[in-house]
């Protein structure tokens, strides 16, 4: 509410049109309210008065309601970096990632400790023959031979001096002949060793030899026949072991001469005779080939066991002489 002096001033300064040309005049008797304002109409053609002085500043009003938020101001300059905070607790493990690319070859590792001793290996191939040693002394005289047929009478000779001289001469000749025979035997023995080395084995009077060729059964049989021999036909464990050593040396399974081409299930020698020795692997012969063909021929493994196979298969050729 405006103070009283200011209200009077405003009323006095209002235009005549605003206040109206007529105003009611009240007597003092009717002004019973001390706050009643009495306004007098200005005389006609009167001059406008000066503006009154500003009134005193009124008391401070109550705080109004908050206005709406203003528009955001421009972004300020970036402040200095703060100090690094202390390390937070570890987070929970993330999901398993995809496998990375394959790494390169690493540096060689440290040598490991020696392993345990391995199993005993198979018997190696025979070593080369040694140099021929010096001739040994003559052996003891053998038993006398059978008596020969009586010869034709010779011409009568001159009278000898003594019979003792003739006997000594004959004894010396016999000793010389025995030494020559021993020398020839040593030469034959060394020659036999040279022939067998490195691809041959001898058992008794048999010799088993291979040239390393690999052929079908019929071609292998033909090759041995042309060499005046036949495919290996072991008839004892010693002969079977000799053939096995050649198989190990070449690291290839080999053909044996026996087959059951004439009668299924009955293996015989090339001469037609029945086997007097065999060394079949467990479950053999089974006559079951991979392509369902007949297994009429025989091979020997590196362990000495036998197995029946198809005759068209190619195996190592070992001939017997």
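Yeah, the Cβs are placed from backbone N, Cα and C, and that goes for glycine too.
Marked as compositional bias 'Basic and acidic residues' by Swiss-Prot: 47-65 (among others).
Positions annotated as compositional bias 'Gly residues' by Swiss-Prot: 100-109 (among others).
Annotation comment: Swiss-Prot describes 124-133 (among others) as compositional bias 'Gly residues'.
Residues or ranges marked as compositional bias 'Basic and acidic residues' by Swiss-Prot: 147-159 (among others).
Cβ environment of residue 319 (disulfide bond): 208, 209, 210, 223, 224, 227, 229, 230, 231, 232 lie under 8 Å away, each six or more residues apart in the same chain. Residues or ranges marked as disulfide bond by Swiss-Prot: 224-319 (among others).
Sequence-distant contacts of residue 311 (disulfide bond), defined by Cβ-Cβ distance under 8 angstroms and a gap of at least six in the same chain, are 216, 217, 218, 259, 261, 296, 297. Under DSSP, residue 311 (disulfide bond) is assigned to coil, being neither helix nor strand in the three-state scheme. As annotated by Swiss-Prot, disulfide bond applies to 297-311 (among others), with the evidence given as sequence analysis.
Annotation comment: Swiss-Prot describes 49-162 as domain 'Collagen-like'.
What Swiss-Prot lists as domain 'C-type lectin' is 222-321.
Residues or ranges marked as region 'Disordered' by Swiss-Prot: 43-163.
The feature signal peptide is assigned by Swiss-Prot to 1-20.
The Cβ neighbour count for residue 297 (disulfide bond), using a 10 Å radius and every protein chain shown, is 27.
Per-residue confidence over the domain 'C-type lectin' (222-321) averages out at a pLDDT of 95.
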